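Here is the structure we will look at, set down as structure tokens.
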Amino acid sequence: MNKTAIALLALLASSASLAATPWQKITQPVPGSAQSIGSFSNGCIVGADTLPIQSEHYQVMRTDQRRYFGHPDLVMFIQRLSSQVSNLGMGTVLIGDMGMPAGGRFNGGHASHQTGLDVDIFLQLPKTRWTSAQLLRPQALDLVSRDGKHVVSTLWKPEIFSLIKLAAQDKDVTRIFVNPAIKQQLCLDAGTDRDWLRKVRPWFQHRAHMHVRLRCPADSLECEDQPLPPPGDGCGAELQSWFAPPKPGTTKPEKKTPPPLPPSCQALLDEHVI
């Protein structure tokens, strides 16, 4: 399947319905020991933690949408990364969407973020903390040129390279999704220390933020991990294929019905949603 078709499928999956999903009716984490269940794009979470809104090292955006819940491992990762960034004097980490209180499907914007192991982080590190108004209506900084072939040189900063590298070097991180042009710039800037680049994967959009994904926790027995990324730094032919023009004859894929929920997630919905 070519990349245009994949992009259309991802769009359909992330915005299949603008109506509220049953998961949005669950307003508090489900009590219990933390368990990520199912896959990143078809799952849920029991025992989610709430990311503390107040921190000297990070700020949480769009708190009115209440998407600041996740597995305790995700909360600890955010605290760990933002502390590293702060100690290096790089600025304040801006946290976007994590997941809903019980995970599950969004009504739009995300196909994944369902098991409490995904977080979006802006690719800007303000030296001055944002106001409440800025956090509620954040202005994304598009780092990619209009033609999508490279980053905007005046906007690309060494601190952003370091932010992505620090995240990729974290032991719990398995993937970081960024725009292909951003991946390309990372490849150019990386020098000889390149092992971490394997985790950084090119993906559609992601022009102003990175999407960080953690591995399944060892004690979440119903959590489904993705296969590891292909060996190597991912800076060769695979990356260049993202810049090739779409093949002629691309057709819009049919809208697909979401797959059945994992039984444990369906049972959770049955118990907690009237």
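Glycine too: its Cβ is placed from the backbone N, Cα and C atoms.
Just so it is clear, the model here is predicted, and its values are computed rather than measured.
His211 is the residue from His211, His272 that Swiss-Prot records in the Zn(2+) 1 site together with His110, His113, Asp120. For Cys235, the partner cysteine in a disulfide bond according to Swiss-Prot, taken from Cys44, Cys187, is Cys187.
Across the structure, Cys265 (disulfide bond) and Asp120 (Zn(2+) 1 binding site) are spaced 23 Å apart at their Cα atoms. Secondary structure at His113 (Zn(2+) 1 binding site), taken from DSSP and collapsed to helix, strand or coil, is coil.
DSSP assigns Asp120 (Zn(2+) 1 binding site) to a strand in the three-state reduction.
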